[in-house]
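TrEMBL lists 6-32, 44-68, 124-149, 169-195, 243-263 with the feature transmembrane segment. TrEMBL lists 22-294 with the feature domain 'G-protein coupled receptors family 1 profile'.
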Amino acid sequence: MDTAEVILSVLVVVIIIVSLLSNVVVLICFLYNPEIRKQVPGLFNLNLTFCNLLLTVSNMPLTLVGLVSQAQPGGDGFCQIVGFLETFLSTNSMLSMAALSIDRWIAVVFPLRYHSKMRHRDAAFVLGYTWAHSVSFSTVAACLSWVGYHRLYASCTLANPRASSRTQFVIFTVFFHSFTFLLSFIVLCFTYLKVLKVARFHCKRIDVITMQTLVLLVDIHPSVRQRCLEEQKRRRQRATRKISTFIGTFMLCFAPYVITRIVELFPAVPINPHWGIVSKCLAYSKAACDPFVYSLLRHQYKKTCTDIINKMLKRSSLNASERVPEHRGNNLPTAE
């Protein structure tokens, strides 16, 4: 192993640890807080967390093994199963992000009709489509033996070792990424830009009311006026920052890998083997980013984590306080 491969191996280990811990925390919060379970977005978050966890424990370690040993981990049958899982889970996670964006769009643009438009039954229907979509592409690839070990990515994924079916594989790859990555990206852009438009409209209306109030309050202290103006600026930036995070992390993590898969279809274009691993690591890093982007940085999840930690600390302190008197009682002198 050269220096670059050692660095990439350490990067994969870090991604595995962060992804495993963060997604487990999201799952614990979902199970602990009944309010999160009642909300429709909680179902989409649960599905996304499930995909990220399964990808973390099944595909990432095998990619690490393939990178370190520079050989296929396991036999061909085992690698085909892992490749099927990788295709299914990555597709499902992308569509889950698109489903979350649709839910947010309906909640912001149609707030009065949200509960009638997005019920648990509707969320189950959307999740049913994501599973059917993911299973369909994964099954076709597996049945046509288009999953296996790919040396460029050091992992079991979409691969076509046979030259006889190259044309069909090219068509399938373009079709697959168009109806998975590109479709999800279009949905994300459409929904979140609509959300940003509504958010800016509300911010502008609040800013007008605030400025009218400041004009009427002639005797207001300059520091108070300055704080109000700064809050207006933060409010405008907050909405833009959130939308940029949703779309930006999706593109930053998935776009390099998808573009590499498309460029790979042209044999005349050489691809650096280290870049193949880097693009795969970027795709894997989305599983580590999602818990923070969609869950753990939200107030409800932060409060749930705080409640769990406080409960654990309180229980440990109670156990300690119960043991101390018992210990002291054993050292008391006995009367004869």
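Cβ from N, Cα, C; glycine included.
Here the transmembrane segment (243-263) has Cβ contacts under 8 Å with residues 94, 97, 101, 158, 173-174, 177, 181, 184-185, 188-189, 192-193, 195-196, 269, 271, 275-276, 278-280, 282-283, 285-286, 289, 293 of the same chain, all six or more residues outside its ends. Within the chain carrying the transmembrane segment (6-32), a Cβ under 8 angstroms from the stretch's Cβ atoms is held by residues 42, 45-46, 49, 52-53, 55-57, 60-61, 63-64, 67-68, 274, 277-278, 281, 284-285, 287-288, 290-292, 295-296, 301, 304-305, 307-308, all 6 or more beyond its ends.
Per-residue pLDDT, averaged over the domain 'G-protein coupled receptors family 1 profile' (22-294), rounds to 87.
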